[in-house]
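**Q** Checked TrEMBL, it gives:
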TRANSMEM  31-50  transmembrane segment
TRANSMEM  70-89  transmembrane segment
TRANSMEM  101-123  transmembrane segment
TRANSMEM  177-197  transmembrane segment
TRANSMEM  209-230  transmembrane segment
TRANSMEM  255-274  transmembrane segment
TRANSMEM  295-318  transmembrane segment
TRANSMEM  355-378  transmembrane segment
TRANSMEM  398-421  transmembrane segment
TRANSMEM  427-449  transmembrane segment
TRANSMEM  456-478  transmembrane segment
TRANSMEM  522-545  transmembrane segment
Amino acid sequence: MPLLPQYISELLPMLPPDFQVVQMHFTTVDYVIFALLLVASAGIGLFYAFSGGRQRTTQFLMADRSMSCLPVSLSLLATFQSAVAILGAPSEVYTFGTEYWFLGCSYFLGLLIPAHVFIPVFYRLRLSSAYEYLELRFNKTVRICGTATFIFQMVIYMGVVLYAPALALNAVTGFDLWGAVLAMGLVCTLYTALGGLKAVMWTDVFQTVVMFAGQLAVIVVGTSQAGGIAEVWRKAINGSRISGLDLNPNPLERHTFWTLGVGGVFLMLALYGVNQAQVQRYLSSRTEKEAVMSCYVVFPCQQVVLCLGCLMGLVMFARYGEDSPLDKGYVTTNDQMVLYFVMDVFRDLPGLPGLFVACLFSGALSTISSAFNSLATVTMEDLIKPHFPNMTEGKATLLSKGLALGYGLVCLAMAYIASIMGSMLQAAFSIFGMVGGPLLGLFCLGMFFPWANPTGAVVGLVSGLVMAFWIGIGSFVMRMSVPTPAPALNATALPLFDNITTTVMTTTAKSTGVEALYSLSYMWYSAHNSATVVVVGLIVSLLTGPMKEKELTPGTVYPVLGTLLFFLPDRYREKLCCITPLAQKVNSYFHLFPLLFVFQYLCFQ
């Protein structure tokens, strides 16, 4: 996909007159609203940067562990609700119907398990980096492997998150492409480097409000112009956009209840369970109880966000029907349709396009700032401090801010690379999803299987990454080598899932052998790759000598197997290290154990 701005102006004279509606421009009011978003975000960061002595220790990366439930919850939500999700979910619903809504079924277990399994372990160990856990559970080599994998994942992804909304905005409105990229990148770098996690989280709160306001404005105005919600629903039903419950168990089907509702659980666990950007927010909470409560608060908020995305897609369909702007040639990708729709709906309402663009870029800012802060934290805690244990607090704080600034500049460089990657943008999104699964498998291996040893962890992680890239790249190459099928079978590249996710959409054509593996639904990537890490890690651990209970660091193993295997004699359970308790036993959570254990049993047997 070449750069659109370089040749659109040359093509315009050759196109039909109605193509001119593609270039719809901002008014002065729109520019003012968009600028206010950037100024407000930078202002919050500067406030926390200069608010007394609270930013003069490296604890500014952890918000001084003083955050309450509400800002943590909204920050978790903002990190999940990125610009690519705002652009992708309505386009998905417009094109394929409301099947995507069943992703919401995965949110329950996807947040319940982190709340009562991962958070108690991480919080009680008083970690700063999620990858400190890997050293406590295994050794320093495993920690460095996990950290390097996470850094690779986030550096690739954040450049795309920065570039994708700017490109869509430029293609539809003529808004300067690199002006938008530089404005976002520099403002985000400024408040993250100066204000630390506290600034990131409070700007996330502000940006969440802006995101909700922008989406609601589009839905309300669009519904009114379409003739009311009843008319929108009638057109959606007549256009077969209201999907039923598809219980097809075929994992090659792109979206079914099982791929979204079950496969989505693993995507959620990779994001909310072990991703440093989210773990850091849990650890910034004042108490463990508030950290757990933040997961509960996020759940209804996510359902609202998902419903807003689906409703916007239905309103788009009510306006355009089957005759989409993409088919007419007004836009070149599905991702640009939402912005085209917004500019079309708000054509006579100055200021509202600026509000939605502020909403869109709020999603990007929240995602990128989270990435900067989490990357600075893991680099400092996992790669620098262990080698310089005598570094003064002042130097460590200055270096931490320098790291956040450095990653901000790397993000801008990655945005430039993304601009010349063309169709590799889809590959970059898929990399994020492919790497999250193996990292989830690595943490599950250590937390749920006490006999897993460091050798098994390293070999399992490498095997999971190899499997992930084999399937992901193979799927991408196969689609590129196959002629484009009829529209009903098109493989679409829509950035649908978090910040924190992949964008590989596979065809549903019948495949055999290796081709069937390449056609695996992208929603199963995380489950497949994490299972690979666990299975290979357990086999290698048994072959190379399983760990013994006395070798385990207290509090690093969650007592799942001990409860599942209650029927075994104690001597056998002791050999499997199944009697190791979690430090400060979670007695108040025992009523949830049966549900969690059944889930773990189904996933790993």
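From the backbone N, Cα and C atoms, a Cβ is placed for every residue, glycine too.
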**Q** Against the transmembrane segment (101-123), which of these stretches has the most C-beta pairs under 8 Å: 31-50, 209-230, 255-274, 295-318, 355-378?
**A** 255-274
**Q** Relative to the transmembrane segment (295-318), which of 209-230, 255-274, 456-478, 522-545 accounts for the most Cβ pairs at distances under 8 Å?
**A** 209-230
**Q** Considering only Cβ pairs within less than 8 angstroms, which of the stretches 31-50, 209-230, 456-478, 522-545 has the most against the transmembrane segment (255-274)?
**A** 522-545
**Q** Compare 209-230, 355-378, 456-478, 522-545 by their Cβ pairs under 8 Å to the transmembrane segment (31-50) and return the stretch that comes out on top.
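**A** By Cβ pairs under 8 Å, 355-378 leads among 209-230, 355-378, 456-478, 522-545.
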